[in-house]
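**Q** One structure, as structure tokens, below. Some questions next.
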Amino acid sequence: MSNTTAVNPLLAAAQGTRPSRRPVWFMRQAGRSLPEYRKVRAGIGMLDSCFRPDLVCEITLQPVRRHHTDAAILFSDIVVPLRAAGVDLDIVSGVGPVIERPIRDAQAVADLRALDPAQVEPVAEAVRLLRGELGGTALIGFAGAPFTLASYLVEGGPSRSHERTKALMYSDPDTWHTLLGKLADLAIVFLRAQVDAGAQAFQLFDSWAGALSLADYREYVQPHSARVFAAFEDAGVPRLHFGVGTGELLGAMGEAGADVVGVDWRVPLDEAARRVGPGRALQGNLDPAVLLGPWDAIETHVRRVCADADAALAVGATGHVFNLGHGVLPATDPRVLTRVVELVHGL
Ligand code: CP3
């Protein structure tokens, strides 16, 4: 099975060649904004659903059928490989991942087990099923980046300040680097399983990296994310990288080895292109909250994102993938998403 399809607009834009149209997909396009999602998920736990290939396949396809996005993103979660490797955790609706025994010292880090590819075989099976169904639509795999995974493991759940995570980082750098090294290995095994099964691109989500200064990002995080990207240097799949509030980190996140740098809504794409430097594509960056406003405002913002992206190409960005600046909010009217896809494709 070929991992690249030159004709898919997302793969073309991500690889720096001219796409047939501006590609568009949405982070969190599969999920709670869709009634058909709520229907098939009824009575099935979030994590349980991630280990059922038939269900993963169906949920991944739902937004593609409805919105005609240029890409599907595998329905899963960043904590799936942790759970597969034996970490006792759950995803609590309205809260997020909750870890039974947070990892806060050298012993707990030593006890963290490596991921065996066999433990994520249901995910690989879902990818194979999806490649059989998707035709020319690209399939994006993903993993959580070492820092964002570490934040959940150390805090024990979602956090605003990431204070325990930073406390470990500053007080015991050796343990910190051991932890991030193990999480990089976990991401590599998880991504390898997806790419080998047919995922044509992947996104490394470092959602919470924006909590760090540039200097700390470079010292404590970037080498580990860079190792994940380097493992796929010759895999022939575009590598996407995204975080929230990462305006000051955009250059460093590109340098970690991303072909496409995701940008949230705070930095216009032409300015992002200057920060990232030439030679990489950009993804983004409509504020997901704009989609809760009237169509006039949505259209104005979508047109502005595309105009900023065109200006980004003029200063050296190699392509633009239209997306939101973070995930689809659950309250979003799915009909609005369909209209945004039509608008972007028509511009
Ligand atoms: O459509 C897609 O984007 C694919 C599916 C996907 C999910 N999680 C499904 C999900 C992806 C790519 C993720 C990644 C993920 N998970 C990230 C990185 C992306 C980001 O948003 O920054 C993070 C930080 C997580 C951790 C996580 N899992 C959170 C914060 C939540 C939300 C908690 C809540 O209920 O508000 C989850 C749960 C989750 N992951 C849901 C879905 C569809 C909701 C579960 C449900 O339907 O009850």
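Glycine too: its Cβ is placed from the backbone N, Cα and C atoms.
Unlike curated records, TrEMBL annotations are generated automatically.
Keep in mind it's a predicted model, so treat the numbers as computed, not measured.
When I checked TrEMBL for this same protein, it listed these features:
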- ARG28, GLN29, ALA30, GLY31, ARG32, ASP77, TYR152, SER207, HIS326: substrate binding site (BINDING)
- 23-32: domain 'Uroporphyrinogen decarboxylase (URO-D)' (DOMAIN)
- 140-156: domain 'Uroporphyrinogen decarboxylase (URO-D)' (DOMAIN)
- ASP77: site 'Transition state stabilizer' (SITE)
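Tell me about the setting of these features in this model.
**A** Non-local contacts of ASP77 (site 'Transition state stabilizer') by the CB criterion (under 8 A, 6+ apart in sequence, same chain) comprise MET46, LEU47, CYS50, ILE91, PRO97.
With DSSP states grouped into helix (H, G, I), strand (E, B) and coil, the domain 'Uroporphyrinogen decarboxylase (URO-D)' (23-32) comes out at 0 helix, 1 strand, 9 coil.
The helix, strand and coil residue counts that DSSP assigns across the domain 'Uroporphyrinogen decarboxylase (URO-D)' (140-156) are 10 helix, 5 strand, 2 coil.
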**Q** With the Cβ atom as the reference point and anything under 6 Å counting, tell me which of the binding-site residues (ARG28, ALA30, ARG32, TYR152) are near ligand 1.
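**A** Cβ under 6 Å from ligand 1: ARG28, ALA30, ARG32.
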**Q** Around the Cβ of TYR152 (substrate binding site), how many other Cβ atoms lie within 10 Å? Please give the count over every shown protein chain.
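**A** Total other Cβ atoms inside 10 Å, all chains included: 26.
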**Q** Tell me, roughly as an integer, the mean pLDDT over the domain 'Uroporphyrinogen decarboxylase (URO-D)' (140-156).
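**A** When the pLDDT values over the domain 'Uroporphyrinogen decarboxylase (URO-D)' (140-156) are averaged, the result is 98.
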**Q** Taking the Cβ of HIS326 (substrate binding site) as centre, how many other Cβ atoms lie within 10 Å?
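**A** The Cβ of HIS326 (substrate binding site) has 22 Cβ neighbours within 10 Å.
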**Q** How many other Cβ atoms are found within 10 Å of the Cβ atom of ALA30 (substrate binding site), counting all protein chains shown?
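**A** Its Cβ has 23 other Cβ atoms within 10 Å.
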